[in-house]
Amino acid sequence: MRVAMIGTGYVGLVSGACFADFGHVVTCIDKDAGKINALNNGEIPIYEPGLQQLVAKNVAEERLYFTTDAKDAIRTADAVFIAVGTPTRRGDGHADLSYVYAAAEEIAELIEGFTVVVTKSTVPVGTGDEVEAIIRKTNPDANFAVVSNPEFLREGAAISDFKRPDRVVVGTDNEEAVKVMRELYRPLYLNETPIVVTRRRTSELIKYAANAFLAVKITFINEIADLCENVGANVQEVSRAIGLDNRIGGKFLHAGPGYGGSCFPKDTLALSRTGHDAGAELKIVNAVIEVNDARKKKMADKVIDFLGGDVSGKSIALLGLAFKPNTDDMRDAPSIDIVAKLQEAGATVRAFDPASMKEAGHVMKDVVFCDGPYHAIENADALVIVTEWDQFRALDLDRVKATMKSPNIIDLRNIYDTEDMRDRGFNYISVGRAY
Ligand code: UDX
């Protein structure tokens, strides 16, 4: 099959490279000439484990191409994917669909023969209808079907999520389009990955419902964590025990500083707006958004309270800045709120993150970015573990203690053992663990 992928952001690049690895011929298109040049030189603009090698392999085997010129790729494509950004529209929480609609117009002018136009970007219910109307209006003779095929890729694990998904969702009632989609995902089909074929609007909603439900799960366990602290219980044991109930499931029950990233904050907000506009208020989703926003701010108070209520003139070291490990993504990362509030309270912030310090430099000011964890904690009054990178899980604790000014550790990801840390002489707190 021939695939054109519009947008070489996170989703477009990973999907394009994986489809090429399945054996299809894929052309990734982007208006940003700098980005395309870099990709043609083997430079990958995002941090995603395994992606560089996957791209290099498929470029070498002549199945993956990058270009700014959409014409040939779209003309010859069996399927054109729209994988452009849908950021939060300024001011009101709705998704900004201008890039999606611009792509639809561009596609309309170029398609030849039966073409499946696939929205991979996360788009509100009804966007597929609008994409179809735009193409129909721009090119009344076009022979096409618009399909919704949402992505469920986690940053840092995107390639395995693409190649070994729990399910693939295909939203269309056009039989011909279903055939093309099945052919595209054939390697997964052979692996017995469930392919859920449904109507387009349902498919669009599935993506938001999935992300919102995961955000609910995280936020729920975060509130239970607060309760655990107040009543002498341990949230990790609660998570494990409730997660063993198959109806609940053990994943996404890690308490922490609140969810961040490019998807959950944006998608919960957009879903909330959809609910409101459609006359079906989503009170649970609304509460999750509010609780999570407040939580990120509350984490700095937790640090300040632990240090006796006054951090002015103190040096606080943060390990991890990205919203989660294995990414350099800083979008809506809890570290942003934590740093701002600690600085406001008069603390000096030193920080180390294995991948995101360049990105962090754009969203936080006056932070001393360090060369490694031990450099960050030099003479620190406290260490805050914000992101659970593997390399922070087995720090040389004697060295940590000797390097810090005072052995105060606030572990927001529960990666160390409470009793062990106290035995080693640290003043240690974590999230939701009274013991
Ligand atoms: C998410 C979805 O998982 C993915 O399916 C979707 O397509 C895009 O959004 P991503 O944002 O990359 O992926 O990261 P994810 O691993 O889901 O984590 C999101 C946030 O939740 C992070 O801030 C993470 O730290 C937090 N989280 C996750 C928790 O606090 N606790 C958990 O148990 C799980």
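Keep in mind that glycine also has a Cβ here, set from the backbone N, Cα and C atoms.
A TrEMBL annotation is a machine prediction, not a hand-curated record.
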Annotated companion of PHE152, LEU153, ARG154, GLU155, LYS207, PHE252, LEU253, HIS254, ALA255, GLY256, GLY260 at the substrate site, TrEMBL, chosen from LYS71, LYS314, LYS324, LYS341: LYS324
Same NAD(+) site per TrEMBL - residue from ARG199, ARG200, ARG201, ARG331 joining ASP30, LYS35, THR86, THR122, GLU155, LYS266: ARG331
Summarise the domain 'UDP-glucose/GDP-mannose dehydrogenase C-terminal' (317-418) as counts of helix, strand and coil residues per DSSP. 33 helix, 18 strand, 51 coil
Determine, to the nearest whole angstrom, how far the Cα atom of PHE152 (substrate binding site) is from the Cα atom of THR86 (NAD(+) binding site). 15
Taking the Cβ of LYS35 (NAD(+) binding site) as reference, which residues of that chain separated by at least 6 in sequence fall under 8 Å from it? THR8, PRO45
How big is the gap, in Å, between the Cα of GLU155 (NAD(+) binding site) and that of CYS263 (active site, nucleophile), rounded to a whole number? 10
Quick check on the binding-site residues ARG154, LYS266, ARG331: which one has the highest count of other Cβ atoms within 10 Å of its Cβ? LYS266
Since the record lists LEU253, ALA255, CYS263 as recorded positions, which of them has the fewest other Cβ atoms within 10 Å of its Cβ? LEU253
Entries of THR86, GLU155, LYS207 (binding-site residues) sitting next to ligand 1, with Cβ under 6 Å as the cut-off: GLU155
